[in-house]
Amino acid sequence: MSVSKKPMVLVILDGYGYREEQQDNAILNAKTPVMDALWAKRPHTLIDASGLEVGLPDRQMGNSEVGHVNLGAGRIVYQDLTRLDVEIKERTFFANPVLTNAVDQAKNAGKAVHIMGLLSAGGVHSHEDHIMAMVELAAERGAEKIYLHAFLDGRDTPPRSAEASLKKFEDKFAALGKGRVASIVGRYYAMDRDNRWDRVEKAYDLMTLAQGEFQADTAVAGLQAAYARDENDEFVKATVILAEGQADAAMEDGDTLIFMNFRADRAREITRAFVNADFDGFARKKVVNLNFVMLTEYAADIKTAVAYPPASLVNTFGEWMAKNDKTQLRISETEKYAHVTFFFNGGVEEPFAGEERILINSPKVATYDLQPEMSSAELTEKLVAAIESGKYDTIICNYPNGDMVGHTGVMEAAIKAVEALDNCIEQVTKAVESVGGQLLITADHGNAEQMRDPATGQAHTAHTNLPVPLIYVGEKNVKAVEGGKLSDIAPTMLSLMGMEIPQEMTGKPLFIVE
């Protein structure tokens with residue numbers, strides 16, 4: 001009989017930031033006796049989860065993808081956003097061979113260059129500055145037909161903030177004397193990640209067929225009509241932009257389509273609809289043979305050109321565990337499963353040796369304020385069983401509630417989500433202590449601690465750039481170190497496990513054993 005393992009457990013409370021003001025703070029307005037007691041009695045510290053400390057631009061809010069990459073890598077990982085900002089500033093972007101070839105191919109064949117992406121200054125899935133640079137690249141290289149298909153945000157940005165962005169692009173096309181915004185649609189449709197293919201189909205038809213529920217002469221007019229229908233940016237219905245006398249922008253064989261989102265998880269479904277010959281998410285009314293470019297690699301099995309292939313990370317936490325013959329479990333709900341697997345492993349899809357995974361289905365509801373507890377009860381039951389099983393050296397778990405319910409902007413629901421989490425943490429803490437294991441509780445970024453934007457008075461549906469908590473539960477006598485960041489977590493776990501820290505990990509342990 002093998003010896004029962006005492007696991008090192010990392011619980012990531014997604015979107016659970018730290019803010020001392022109670023006003024509009026779902027975490028402080030919730031009843032959280034368990035987290036309150038842990039914070040009062042256990043070794044703890046605050047760590048940075050945004051900006052330069054996670055490889056993002058200064059003061060840029062953190063997000064789940066960035067957070068989990070840094071958590072697993074044990075070093076600051078410069079994100080695609082920062083990398084692209086530098087490329088554009090230094091103008092190497094304009095010489096990227098994949099992008100220039102795609103534009104030249106369309107231009108030389110008299111075909112259109114279609115550019116699609118999330119038109120947002122949010123910097124989470126994309127940045128409008130990158131899309132602007134792509135428009136400039138296409139124009140500079142002589143493309144005549146340049147069509148922008150704008151996905152609208154309102155989730156990583158205020159709920160009604162797209163007008164300024166659309167106007168900026170309409171002005172740009174006017175100045176260039178060519179190109180135009182061809183369609184607008186909310187990210188709810190174009191950027192689903194939970195196999196809700198009926199939504200994706202609407203965005204696909206909009207772009208391939210130039211058919212939507214609505215039509216407008218200009219993008220700004222289309223947006224204003226959506227607001228009049230009470231649709232915020234995220235939920236704007238498929239709208240064709242087509243003034244009298246204009247040729248429509250329906251996609252044709254031989255056209256180029258460049259997807260300017262850099263974050264993978266919400267880019268995959270619509271990309272597969274365009275690229276995969278055997279696609280079966282919905283019956284495509286029109287299949288177009290496009291020259292399709294992904295800005296970054298959205299998945300290894302999507303076979304199409306990539307402008308910025310991933311830089312590989314060596315000796316992430318998961319890989320280091322495998323090299324040291326340790327067993328590990330990754331567990332979460334659908335919404336954050338990719339984060340504790342693919343992103344935590346530095347963009348590696350395949351599990352490492354000794355790595356097991358458990359996926360709990362997220363509830364099928366339109367928005368998570370309708371079920372703020374999500375699937376946390378089932379997730380906790382499975383997590384507790386795994387802790388007590390004695391099978392795993394380490395377990396990584398993500399609870400999505402604080403983030404997914406925080407995104408709805410509904411304060412009462414976010415409070416319920418936080419209270420559900422407190423109950424879960426109680427069970428997890430008891431399980432860890434009962435087997436003599438160790439537990440770190442942290443977050444990947446903030447969200448639920450700021451539910452209203454003090455400047456606008458609108459619901460605050462985006463992430464924050466506030467610090468996140470880090471709490472230690474275990475038998476070791478440890479002292480907390482101040483000034484930490486997400487990339488210090490993996491080295492902290494290794495040191496608490498008594499393991500060597502690989503040299504690639506430049507993070508420092510945040511709990512020193514006394």
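Numbering starts at 1 and runs along the chain as displayed.
Note: Cβ is positioned from N, Cα and C throughout, glycine not excepted.
Residues or ranges marked as Mn(2+) 2 binding site by Swiss-Prot: Asp14, Ser64, Asp444, His445. Spatially close to His445 (Mn(2+) 2 binding site) yet at least six residues away along the chain are Asp14, Gly15, Gly17, Ala49, Ser50, Met61, Gly62, Asn63, Ser64, Val66, Gly67, Asp403, His463, Thr464, Val468, judged by Cβ distances under 8 angstroms.
Positions annotated as active site, phosphoserine intermediate by Swiss-Prot, on the basis of sequence analysis: Ser64. DSSP gives Ser64 (Mn(2+) 2 binding site) a helix state.
Listed in sequence order, Leu118, Asp156, Arg187, Met191, Asn261, Phe262, Arg263, Arg266, Ala267 are the same-chain residues at least 6 apart in sequence whose CB falls under 8 Å from the CB of His125 (substrate binding site). Sequence annotations record features per position, and here Swiss-Prot assigns substrate binding site to His125, Arg155, Asp156, Arg187, Arg193, Arg263, Ala264, Asp265, Arg266, Lys336.
Summarising the annotation, Swiss-Prot assigns Mn(2+) 1 binding site to Asp403, His407, His463 and lists sequence analysis as the type of evidence. Asp403 (Mn(2+) 1 binding site) carries a helical DSSP state (H, G or I). Around Asp403 (Mn(2+) 1 binding site), a 10 Å sphere centred on its CB holds 31 further CB atoms from the protein chains shown.
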Among Arg193, Ala264, His407, i.e. the binding-site residues, the one with its Cα nearest that of Asp444 (Mn(2+) 2 binding site) is His407
The sparsest Cβ environment within 10 Å, among the binding-site residues Arg193, Arg266, His463, is found at Arg193
Close in space but at least six residues away in sequence, with Cβ under 8 Å from that of Ala264 (substrate binding site), the same-chain residues are Glu65, Thr296, Glu297, Tyr298, Ala299, Phe342
Cβ density check for Asp444 (Mn(2+) 2 binding site), other Cβ within 10 Å (all protein chains) comes to 34
If you measure between the CA atoms of Arg193 (substrate binding site) and His407 (Mn(2+) 1 binding site) and round to the nearest Å, you get 15
For the binding-site residues Asp14, Asp156, His407, the largest set of other C-beta atoms within 10 Å encircles the C-beta of Asp14
Asp14 (Mn(2+) 2 binding site) falls, by three-state DSSP, under coil
